[in-house]
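Everything on this sheet refers to the single structure shown next.
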Amino acid sequence: MADYSTVPPPSSGSAGGGGGGGVNDAFKDALQRARQIAAKIGGDAGTSLNSNDYGYGGQKRPLEDGDQPDAKKVPPQNDSFGAQLPPMHQQQRSVMTEEYKVPDGMVGFIIGRGGEQISRIQQESGCKIQIAPDSGGLPERSCMLTGTPESVQSAKRLLDQIVEKGRPAPGFHHGDGPGNAVQEIMIPASKAGLVIGKGGETIKQLQERAGVKMVMIQDGPQNTGADKPLRITGDPYKVQQAKEMVLELIRDQGGFREVRNEYGSRIGGNEGIDVPIPRFAVGIVIGRNGEMIKKIQNDAGVRIQFKPDDGTTPDRIAQITGPPDRCQHAAEIITDLLRSVQAGNPGGPGPGGRGRGRGQGNWNMGPPGGLQEFNFIVPTGKTGLIIGKGGETIKSISQQSGARIELQRNPPPNADPNMKLFTIRGTPQQIDYARQLIEEKIGGPVNPLGPPVPHGPHGVPGPHGPPGPPGPGTPMGPYNPAPYNPGPPGPAPHGPPAPYAPQGWGNAYPHWQQQAPPDPAKAGTDPNSAAWAAYYAHYYQQQAQPPPAAPAGAPTTTQTNGQGDQQNPAPAGQVDYTKAWEEYYKKMGQAVPAPAGAPPGGQPDYSAAWAEYYRQQAAYYAQTSPQGMPQHPPAPQGQ
């Protein structure tokens, strides 16, 4: 048996024999823990540790403690080795670096816009991520993950989630081009118009921002109420970005949580603001040849565009694009312009004028300035471009400009059959705006027939009545630059137009020459002078001369005109003066000698047509006001 007399006890301060056994058990426990830690680090678990190597001097564990269980082996009070092992192990674990592969096409999605995505991953996992600058032509790219094992595993998990989220979904396939992919997402039917936008503006902006191609697929133009697939084609990462942008657009617009300015538009970025413009005032904002809107754009440093619409709303939306402060300045300029027009209107605005951001109000004001009329001609082949299918184009132009546009079905005499006459009625601004829209449709300028003519005191159209004397001239201005002295046109199949200052068709183009007014000195050279003389004699005498007594036995037979068309008989109880009027015209025609050498039948004879017209007028005025129109022809002059 070994001699242990020279070995000092483990602890001199222990009382009794039980204290030494407890210390030995604690030492055994510490030794066992050290072996376990060494095994984790990579050492041999069976290697025994020499206590002398760790500063225990000549202390030796008593042999009697060898058979004690490990649970009683605790480290001694002066054991510094056991306290240092956990920090050493933690320090070794914090410098772990691992290479991780990610798909090359998903790198941009992992990094995110402005590096937001990768910054979030590093912050949540506590792991540093470094991505190789390129893949070297391989389908995967290397990422170096540095951190503790737990942080590295967390970073891997987050990266896998992002890659899985960006993987092709059902309906996603690679396109024909290299690196292109196609994905289809379903858009609710109620949001399809929101994604497309007015005139396709929204979907174009999405394509430009994401760098992809988007196509909304639908079976036909009719709205079936079913969801529509949106096909996105492009780089896989860009396709995913475009998908997120579309979903964000639908989500934002559906919630109506945008911050809006005083004009009701969203604020932020360079999106600009939308300003509602009364439809009749659109021409005022645009100005003649676009001068006003160009001036506003130059002064404010913005871009102004009118959004297309269906013409059902009373206002049109002017979209102002640019910096927020400049957009606000341009909106104020437009508002001031409209206010000045409103204040200058003779009728004045109605109650509740439009306030800036304080309700919509109501203009209740007519178009500024007097109504004018503008005639122009276009080649027959381009008439369809102005009218459109079912009249949609001309209706749209009329709604956008606020002017009334008509195609004259009955052109003036001697008109060129290859040209068509159009008439625009409205304010100068409306006429100018409508003219611009028409010129855009036909791809060139129109051929005007004189400046716009205002409706003066005699300017209210009537039911195909005879023309009156020309109304007073209009003051010269930007929309009426030249003096204008029109003459009455020749008689038309349905009678002359109403008594207003008519435009002359012969002052601009020779192929629309009009008939000159009758001149007494040249009466012998005009075959229609008899009709004009009768007309003027009747016109100037209808108010001054009282109607004479109706002669007895006046004929009431049915007459026919020179073209063989049967005329309607006079109403029952009314006196028919058709024969008397015909005799009057015949006498007037015989009083004026025909020019020498004039070919017979060179000009049509409208005597019968005029007689029928005056007979109808006599019947009409006799029913409404017996004193309103003379019931007999004037006495032939010079007879």
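Even glycines carry a Cβ here, placed using N, Cα and C.
Since this is a predicted model, take the numbers as computed values, not measurements.
As written in Swiss-Prot, here are the features:
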{"type": "REGION", "residues": "1-27", "note": "region 'Disordered'"}
{"type": "COMPBIAS", "residues": "14-23", "note": "compositional bias 'Gly residues'"}
{"type": "REGION", "residues": "40-88", "note": "region 'Disordered'"}
{"type": "MOD_RES", "residues": "Ser48", "note": "phosphoserine"}
{"type": "MOD_RES", "residues": "Ser51", "note": "phosphoserine"}
{"type": "COMPBIAS", "residues": "61-73", "note": "compositional bias 'Basic and acidic residues'"}
{"type": "DOMAIN", "residues": "95-159", "note": "domain 'KH 1'"}
{"type": "MOD_RES", "residues": "Ser135", "note": "phosphoserine"}
{"type": "MOD_RES", "residues": "Thr148", "note": "phosphothreonine"}
{"type": "DOMAIN", "residues": "180-246", "note": "domain 'KH 2'"}
{"type": "DOMAIN", "residues": "270-334", "note": "domain 'KH 3'"}
{"type": "MOD_RES", "residues": "Arg316", "note": "omega-N-methylarginine"}
{"type": "REGION", "residues": "341-360", "note": "region 'Disordered'"}
{"type": "COMPBIAS", "residues": "345-360", "note": "compositional bias 'Gly residues'"}
{"type": "MOD_RES", "residues": "Arg354", "note": "omega-N-methylarginine"}
{"type": "MOD_RES", "residues": "Arg356", "note": "omega-N-methylarginine"}
{"type": "MOD_RES", "residues": "Arg358", "note": "omega-N-methylarginine"}
{"type": "DOMAIN", "residues": "371-438", "note": "domain 'KH 4'"}
{"type": "MOD_RES", "residues": "Thr427", "note": "phosphothreonine"}
{"type": "REGION", "residues": "442-527", "note": "region 'Disordered'"}
{"type": "COMPBIAS", "residues": "463-500", "note": "compositional bias 'Pro residues'"}
{"type": "REGION", "residues": "543-574", "note": "region 'Disordered'"}
{"type": "COMPBIAS", "residues": "551-568", "note": "compositional bias 'Low complexity'"}
{"type": "MOD_RES", "residues": "Ser625", "note": "phosphoserine"}
DSSP-assigned states of the domain 'KH 1' (95-159) in counts, ordered helix, strand, coil: 32 helix, 18 strand, 15 coil
Neighbour tally for Thr148 (phosphothreonine), based on other Cβ positions within 10 Å of its Cβ: 16
Pairwise Cα distance for Thr427 (phosphothreonine)/Arg316 (omega-N-methylarginine) [Å, integer]: 18
Nearest-integer angstrom distance between the alpha carbons (Cα) of Thr148 (phosphothreonine) and Arg316 (omega-N-methylarginine): 62
Residue counts (helix, strand, coil, in that order) that DSSP gives for the domain 'KH 3' (270-334): 32 helix, 17 strand, 16 coil
Residue among modified residues Ser135, Thr427 with least C-beta crowding, 10 angstrom cut-off: Ser135
Number of other Cβ atoms within 10 Å of the Cβ of Arg316 (omega-N-methylarginine) across all protein chains: 22
Cα distance (Å, whole number) from Ser135 (phosphoserine) to Arg316 (omega-N-methylarginine): 53
Residue distribution over DSSP helix, strand and coil in the domain 'KH 4' (371-438): 32 helix, 20 strand, 16 coil
Residues of the domain 'KH 2' (180-246) by DSSP state, where helix covers H, G and I: 32 helix, 18 strand, 17 coil
